[in-house]
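From TrEMBL, for reference:
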- Tyr169: active site, proton donor/acceptor (ACT_SITE)
- Lys197: active site, schiff-base intermediate with substrate (ACT_SITE)
- 6-25: transmembrane segment (TRANSMEM)
Amino acid sequence: MKYNYFYYDIIIIIYSYIILLNNTIKEDIMEECTLYGVFAPVPTPFYASGEIAWDKFIENIKQFGKTTLDGILVLGSNGEAVSLSELEKIKLISLAREHFPLEKIVLAGVGCESEYSTLTLCKEASLAEVDGVVVINPTYYRNTVSNPEVMLDYFLRVADQSTSPVLLYNIPRNTALNIPAWVSISASRHDNIIGIKDSSGDIIQLSTIIHDSAPGFSVIAGSASFLLPTLYMGGCGGTMAYANIAPDYCKAIIKAFHEGEHNKAKKLQMDILELNAAITSGFGITGLKYALDCLGYYGGPCRSPLPSTLSDKDKSTMQQLMKKVGLL
């Protein structure tokens, strides 16, 4: 098992503290955020046949609702959204809102390769009364959609027609297309675009967006590996795979940050890096689902072409990492 991003994550942490020493932290962060807190991008559970385990999904959602999570994202990358049919997506959105506490936030990933398909899911998400929709940038027609002006036009057109608040979603590790900072900043001027989930890990880009975006625009870390650096820049929390298995840990980082316990916050952040790497860049969704199985949720297999389960050796590695941070 190689943690390809482990040392990269450490560099991000060190860089954030250099910025901290240069007094570039934004104050009163919570007051500047339309959306704030810890959100879990929940996995979609399947049976070995590949069918969605609807009953297990409902059970998981109810169990997530009893945690300290501020909200969930259904149909994100960890939800294997690209492997789902439109009808499956619509039903998952509806069930998530129905069975998650009304006082907590439900976000729905609706981004598709066409504006028409994205807006179809936007309408269904609105009917389900979700709190916001998350829109990833199209990637298939790369020569065209890589043009930043085309990206911006797409986001603005979706926001114009969506009745739910819109968050952009930048995950270049999966899309191979980064959403440039100026696109996010320009989009932030739209009244119906309230933030961005940025999984790039590019702290310079994140800080630029936070500094230059419209008031109230929420920049959300897309990975627990840079939650604390994002907070130091003035970010508004995180939508992170790690929040599925350790929401209290993520909340503790935010609490320590706000209370000025910087050494504690730093230690908490550093402690999660190795396990976080395992459930993201290492074992991926398969590892995350196994971790959920270990914690009493239903993780289950992934849909092909993702590996359905971990090897016994990798399961042992996951258990060791979870024990190391006190989850087992």
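From the backbone N, Cα and C atoms, a Cβ is placed for every residue, glycine too.
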If one measures from the C-alpha of the residue listed as 'active site, schiff-base intermediate with substrate' to the C-alpha of the residue listed as 'active site, proton donor/acceptor', what distance in angstrom results, rounded to a whole number?
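So the alpha carbons of the residue listed as 'active site, schiff-base intermediate with substrate' and the residue listed as 'active site, proton donor/acceptor' sit roughly 5 Å from each other.
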Mind giving me a neighbour count for Tyr169 (active site, proton donor/acceptor)? Other Cβ atoms within 10 Å of its Cβ, every protein chain shown.
27
Around the C-beta of Lys197 (active site, schiff-base intermediate with substrate), how many further C-beta atoms are within 10 angstroms, looking at every protein chain?
29
Three-state secondary structure of Tyr169 (active site, proton donor/acceptor) from DSSP?
strand
